[in-house]
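This report concerns only the one structure given below.
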Amino acid sequence: MAKTIAFDKKARRGLERGLNALADAVKVTLGPKGRNVVLEKKWGAPTITNDGVSIAKEIELEDPYEKIGAELVKEVAKKTDDVAGDGTTTATVLAQALVREGLRNVAAGANPLGLKRGIEKAVEAVTEHLLKAAKEVETKDQIAATAGISAGDPAIGELIAEAMDKVGKEGVITVEESNTFGLQLELTEGMRFDKGFISGYFATDAERQEAVLEDPYVLLVSGKISTVKDLLPLLEKVIQSGKPLAIIAEDVEGEALVTLIVNKIRGTFKSVAIKAPGFGDRRKAMLQDMAILTGGQVISEEIGLSLDTAGLEVLGQARQVVVTKDETTIVDGAGSKEQIAGRVSQIRAEIENSDSDYDREKLQERLAKLAGGVAVIKAGAATEDLKERKHRIEDAVRNAKAAVEEGIVAGGGSSLAQSGTVFDSXALEGDEATGANIVKVALDAPVKQIAVNAGLEPGVVAEKVRNSPAGTGLNAATGVYEDLLAAGINDPVKVTRSALQNAASIAALFLTTEAVVADKPEKAGAPVDPTGGMGGMDF
């Protein structure tokens with residue numbers, strides 16, 4: 001495909017037009033009085049949202065240079081959302097302000113690399129200040145306030161705080177769409193995975209189609225079990241102990257399955273066969289998690305353990321195992337706390353080193369099942385609002401977790417506006433000092449935009465907030481200047497610093513760009529004759 005190339009001012013201005021088109025659509029949603037944006041879908045009803053990253057994803061521009069500019073800002077929103085779950089609109093507003101001020105200085109003759117260094121030094125100083133100023137989140141009320149602001153609904157904040165209180169900060173909180181209106185919270189005790197019994201004959205409660213084993217042994221096998229002679233020696237030992245047995249394996253089939261079912265029906269021996277969750281390496285890892293949770297071992301040829309020689313010492317134990325046709329829950333495994341803590345640390349390290357969003361999500365689920373528990377928030381709303389509400393709750397959950405992780409600062413853009421005094425641009429020289437001043441100007445952008453959306457004069461509000469004591473700012477919902485932390489208006493530090501760092505990173509890229517190579521727009525082909533006739537033929 002042919003390419004089109006733009007240089008110098010033309011290249012940067014093209015990128016800036018794309019950035020502005022996207023930022024102008026996103027920034028109207030900032031703050032408690034932010035507006036909504038309607039997104040047209042190819043199929044189905046339009047989506048109504050005030051979520052920055054959702055709006056950014058939908059914007060596709062025609063001009064090739066503008067398109068690249070918009071894509072770069074989408075990356076800012078996406079990275080901030082990935083790291084912190086919120087702050088996408090703040091990041092976009094900051095990026096727009098940094099680029100606007102930066103390009104003005106480049107046009108006036110400043111060296112882009114000097115500006116870049118100044119921006120980086122100023123951002124580093126602000127980040128350090130925010131982390132030092134952060135207040136730890138210790139109470140349920142603080143979590144509720146943080147999540148409530150993110151979701152734009154105090155009731156959602158309270159429900160998320162309740163869920164976090166129950167499952168702990170490592171626990172998984174998932175959000176599902178519900179057919180009924182309102183919000184519901186479901187809590188799962190123990191480790192749950194989405195595989196059930198292999199045969200309905202294992203059910204101990206025929207009406208509920210559920211098998212409940214009290215104080216069972218847990219046998220974990222990485223392969224298939226098909227012959228009864230491999231299983232028999234271990235079965236005899238378990239029967240002598242008088243305990244039921246839960247078998248979790250890749251599959252249980254043939255005569256081994258028939259033997260278990262016949263013994264269950266006759267009442268000789270209570271057991272249940274369950275398919276192991278996942279595939280390949282993920283299945284092996286999950287079986288190992290279960291082994292550590294229950295204090296057992298995974299029987300696998302890879303480590304030299306075979307089923308026919310295994311004794312009771314390789315079996316795990318739990319207070320209860322509940323199995324339905326779709327899922328299994330292991331309650332109160334007998335594994336040692338030290339081993340579980342070691343496994344949790346290992347999974348946490350894997351999460352930090354993973355580049356894949358999908359892998360990170362799956363590792364996070366495994367971590368929660370070992371360390372905390374699982375809470376499900378079921379959200380119901382009118383059809384056109386349902387997806388948007390679910391997305392808002394998911395963002396609020398991640399926001400609350402970010403607050404617990406690094407603490408909170410005053411919200412409403414005030415912590416950024418008041419951070420302009422923490423670095424001394426006079427200590428820098430030339431273009432580096434100019435770069436630091438660009439950051440100082442841009443730090444006011446979020447509070448100014450919140451003021452605009454609330455129908456207030458942005459310059460006056462920014463000036464007043466900047467000169468107020470630390471933590472004091474504008475409550476845009478009421479129009480009152482007050483102690484924002486005391487009023488429950490706060491932002492997680494992780495969200496605020498991620499927004500600034502990602503915005504500065506993309507702004508530096510804009511300023512140091514000297515050429516843009518883009519695909520040349522294709523000319524539309526000649527229209528096809530709808531009658532199917534031959535072109536150019538006249539009859």
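Placed from the backbone N, Cα and C atoms, the Cβ positions cover glycine too.
Over in Swiss-Prot, the protein carries these features:
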BINDING   Thr29, Leu30, Gly31, Pro32, Asp86, Gly87, Thr88, Thr89, Thr90, Gly412, Asn475, Ala476, Ala477, Asp491  ATP binding site
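Here the features listed in Swiss-Prot are painted onto the structure.
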| residue | record | Cβ within 10 Å |
| --- | --- | --- |
| Thr29 | ATP binding site | 21 |
| Gly31 | ATP binding site | 25 |
| Asp86 | ATP binding site | 33 |
| Thr88 | ATP binding site | 30 |
| Thr90 | ATP binding site | 28 |
| Asn475 | ATP binding site | 19 |
| Ala477 | ATP binding site | 14 |
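Asn475 (ATP binding site) carries a strand DSSP state (E or B).
Site extent for ATP: among the recorded binding residues Thr29, Leu30, Gly31, Pro32, Asp86, Gly87, Thr88, Thr89, Thr90, Gly412, Asn475, Ala476, Ala477, Asp491, the largest C-alpha separation is 20 Å.
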